[in-house]
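Below is one structure, written out as structure tokens; comments come after it.
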Amino acid sequence: MTAPAPHTVLLAAPRSFCAGVERAIEIVEHALTQRGQPVYVRKQIVHNVHVVADLERRGAVFVDELAQVPPGATVVFSAHGVSPAVRTEAGRRHLRVLDATCPLVTKVHAEARRFAARGDTILLIGHAGHEEVEGTLGEAPDDTILVEDVAQAWTVTVPDPERVSYLTQTTLAVDETTEILGVLRSRFPFLKGPASDDICYATTNRQQALSTVAERADLVLVVGSANSSNSVRLVELAQRAGTTAYLIDDAGDIRPEWLDDVRTVGVTAGASAPPGLVDEVVAALGPVCVLEHRTATEDITFTLPSSVRPS
Ligand code: SF4
């Protein structure tokens, strides 16, 4: 790096791994230890290139479809969850399934089943093509309509406006979702929703922590991979606050010209990015004063499935 080092790094906290990601990675690790190689994983276990590469080195085999898994083999479902159709296919192929779906995603699936069972049309706020959305849609495909943005919230139609519920992807931007929900509530006064927010604690906490940091920084670096929804939302949040922000997989992605005239760098990491990568990014910024800005303390943990829990 040739640009002069910035003076200050503001570290947003909480940042990096959430409880759902830690649990998912642990499930693959335990499976490798207890069942030996190979352990197949359907889709990326979490959306991070470093996590996936590390597990691959240790014997995990990532596949896009269950058809790539030999009959009878062990397969792990990723933290983003799967549709019932995928579970059925796994059963048909006699696969030994370990389910690493985050419990907070499982909660959304249960809500989808409940809302559909009472005859509601479900408006699912989320991003088309994201694995979590595909899984949730699969719970009630005939009764669920995806709403991706405010424009769609204004135009979506439902068979019976008095029987309509909403759900959200867990990793959305809190402020954008509030806006979409505002439109839906104005159009569907009978709209019902989950008892508690579907946008998860980890997403909310990371966004809140970065809000204050972004206001004070000349530049924000978000450690995370391009397909990580909550990491991309962090970049957008900083940009909406008027601060230049970049998504980086690791310190090697930092371009020297980004640091021209920059005195204060805000640093955070999406929920699927390993904490060690943040340390490497801070180290790469040179001799700096590091200040942590914490807005919440997280003590949530999720238990492992009994089939891999060490005795
Ligand atoms: S980001 Fe939220 S929903 Fe996703 S794995 Fe982490 S805790 Fe679970």
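Glycine is no exception: its Cβ is also placed from the backbone N, Cα and C atoms.
Annotations in TrEMBL come from automatic prediction, not curation.
Keep in mind it's a predicted model, so treat the numbers as computed, not measured.
The record from TrEMBL ties His80, His130, Ser228, Ser229, Asn230, Ser272 to isopentenyl diphosphate, and of the options His47, His50, His293 it ties His47 to that site too. The [4Fe-4S] cluster site in TrEMBL is built from Cys102, Cys200 plus one of Cys18, Cys289, namely Cys18. Around Cys18 ([4Fe-4S] cluster binding site), the same-chain residues at least 6 positions away in sequence with a Cβ under 8 Å from its Cβ are Cys200, Tyr201, Ala202, Ala271, Ser272, Glu298, Ile300. Report note: the (2E)-4-hydroxy-3-methylbut-2-enyl diphosphate site is defined by His47, His80, His130, Thr170, Ser228, Ser229, Asn230, Ser272, and the residues of the same chain whose CB lies within 8 Å of the CB centroid of those residues, excluding them, are Val46, Glu131, Glu132, Thr171, Asn227, Ser231, Gly270, Ala271. Between the CA atoms of His80 (dimethylallyl diphosphate binding site) and Glu132 (active site, proton donor) there is a gap of 5 Å.
Of the listed binding-site residues, namely Thr170, Ser229, Asn230, the sparsest Cβ surroundings within 10 Å are found at Ser229. Cys102 ([4Fe-4S] cluster binding site): 25 other CB atoms within 10 A of its CB, across all protein chains. For the isopentenyl diphosphate site, whose annotated binding residues are His47, His80, His130, Ser228, Ser229, Asn230, Ser272, the maximal Cα to Cα separation is 15 Å.
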